[in-house]
Ligand SMILES: Cc1cc2nc3c(=O)[nH]c(=O)nc-3n(C[C@H](O)[C@H](O)[C@H](O)COP(=O)(O)OP(=O)(O)OC[C@H]3O[C@@H](n4cnc5c(N)ncnc54)[C@H](O)[C@@H]3O)c2cc1C
Ligand SMILES: NC(=O)C1=CN([C@@H]2O[C@H](COP(=O)(O)OP(=O)(O)OC[C@H]3O[C@@H](n4cnc5c(N)ncnc54)[C@H](OP(=O)(O)O)[C@@H]3O)[C@@H](O)[C@H]2O)C=CC1
Ligand code: HEM
Ligand SMILES: [Fe+3]
């Protein structure tokens, strides 16, 4: 890998559009990758290194000098080294005066140091214009040239001219600079690459808890109960039957939980009589991760659809069918055709298929390439109206699946009802509350509140005066 890096020739070393000279301190992974990319884009690159003679595998065309010599060659210096090694810069304070120092560093932990690395650098070298940039771009992505992940470069700094010079370099490298303001934003920018899918955390934990709970619940009802009461080994159910209950139940619960915060928000607005008060933090966060909750729900619905496909080829199902037929043939009997059962069976399957289709549609419209093509009203229509229709269809699918055995005391085992009955509690509650909220008298008040009307304008005044109790 590293050999390849040394062998790569800059594409445009003799480009007619010769760019300025840039100095990179540090010949590690990041310094080398950034240097190569810069050479390819026509910049002259001067590396600063502790050991200029010993630095090997650097891109051809780059010059390597000691740190103090390299500092004199350019007025933009990129520090491709870890914060822990910044100390030596204090010796170069004079030669760094008035220069642009670009801090690309990341830490190992969120808020590892009391101040951001860029602010620390600004304290170490007070005469330089420190700019934070490039920390969200990986050395590997720069080197492979694919940049599959984000091309966004968050840039911040107190000197606007310095910041714009760095943003121009980012643009020339084919990246997308985003101005984040003054150096005070550096802390947040340094935290970005350390966060692992922050919006997915809540949906992930919630779905794990739901899966584990329903798995244990179903295992008690269907495996342990059979073993204790009938001495029958039904452990094979743990592999397909029970997951094919747990997955759709999790999908349905999560789908209902996508629409529950909107209802709680509406109730809160009606209760307060104003929309000018902040929602509690937990509700805000819940509202913000609805997309992720919805997509996780879609994943579980997908699993349910695939597990359902294999039902007819399962050994247990084929055995039961064959055995039933032989038993009936030997007894010379047949079971009568029950039209109502046929209706219920076809209906729940049709409802499941339609619900799944709309579920997929919601997932497709949430892809940025699709959502960019529709205006916000169209997006809200799909996400909100068709989203509720999806919830109605999936809830109806489960209700009709329950059909005649629904709430039948004979299906209780150790007083525990079937799992899908528990799974219906949240979706049915959400639908009933939504039904109440869209009643004309309530909907009219809610619409007025959302248009800025206040039942008790005193609240807005106290909020404006900063005396709000929120
Ligand atoms: C597969 C799938 C994919 C999804 N993808 C996305 C996605 O890409 N992006 C996304 O955002 N969501 C996505 N979601 C989540 C969900 O579909 C949306 O958040 C949907 O808009 C929620 O509809 P709602 O009617 O509950 O909420 P909203 O229409 O957002 O309303 C919620 C609450 O916000 C408040 N509110 C609404 N309008 C106003 C107003 N004008 N003034 C003041 N307050 C107001 C009210 O209190 C209201 O009750 C997805 C869901 C699924 C299942
Ligand atoms: N690797 C990546 O993908 C990314 C890295 N970054 C940031 O870029 C910076 C550099 O990362 P990376 O290139 O991976 O790190 P490396 O450890 O590979 O390289 C760091 C370089 O710092 C120089 N250095 C200066 N003083 C010292 C010292 N006292 N001890 C050790 N090295 C020293 C060395 O260069 P020399 O021997 O020439 O003096 C060394 O090669 C870090 O702050 C990192 O957070 C940011 C985004 C992505
Ligand atoms: C392709 C579309 C779908 C088909 C063909 C389908 C089919 C089925 C079948 C055959 C069952 C009975 C499983 C069994 O006997 O164990 C079932 C149960 C169920 N389905 Fe679906 N379904 C579909 C989509 C959905 C969707 C989108 C949801 C909701 C998100 C959903 C929620 C449920 C629930 C909660 C159960 C009850 C699970 C249990 O306790 O057994 N289904 N579905
Ligand atoms: Fe490294």
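Placed from the backbone N, Cα and C atoms, the Cβ positions cover glycine too.
If you look up TrEMBL, you'll see 22-107 marked as domain 'Pyrroline-5-carboxylate reductase catalytic N-terminal'.
Look at TrEMBL and you will find 204-227 (among others) tagged as transmembrane segment.
The transmembrane segment annotation in TrEMBL covers 247-271 (among others).
Annotated domain 'Ferric oxidoreductase' per TrEMBL: 249-394, in sequence order.
Annotated transmembrane segment per TrEMBL: 292-313 (among others), in sequence order.
The transmembrane segment feature in TrEMBL is assigned to 348-374 (among others).
Feature annotation from TrEMBL assigns transmembrane segment to 386-407 (among others).
Among residues of the same chain six or more beyond the transmembrane segment (419-442), those with a C-beta under 8 A of the stretch's C-beta atoms are 214, 217-218, 221, 245-246, 248-249, 252-253, 255-257, 259-260, 263, 266-267, 270, 388, 391-392, 394-395, 398-399, 401-402, 406-407. Per TrEMBL, transmembrane segment is recorded for 419-442 (among others).
Below 8 A, the CB atoms of the transmembrane segment (386-407) and the transmembrane segment (247-271) form 3+ pairs separated by six or more positions in the chain. For the transmembrane segment (204-227), same-chain residues at least 6 beyond its ends with a Cβ under 8 Å from one of its own Cβ atoms are 197, 233-235, 237-238, 241-243, 245-247, 249-250, 253-254, 257, 293, 296, 300, 413-414, 416, 418-419, 422-423.
Mapped onto DSSP classes, the domain 'Ferric oxidoreductase' (249-394) shows 122 helix, 0 strand, 24 coil. Summarised by DSSP class, the composition of the domain 'Pyrroline-5-carboxylate reductase catalytic N-terminal' (22-107) is 31 helix, 22 strand, 33 coil.
This prediction places the mean pLDDT of the domain 'Pyrroline-5-carboxylate reductase catalytic N-terminal' (22-107) at 93. Non-local neighbours of the transmembrane segment (247-271) in the same chain are 203, 206-207, 210-211, 214, 279, 283, 286-287, 290, 293-294, 296-301, 303-304, 307, 359, 384, 387-388, 390-391, 394-395, 398, 419-420, 422-424, 426-427, 429-430, 433-434, 437, 442, 445-446, 449-450; each lies 6+ residues outside the stretch with a CB under 8 Å from one of its CB atoms.
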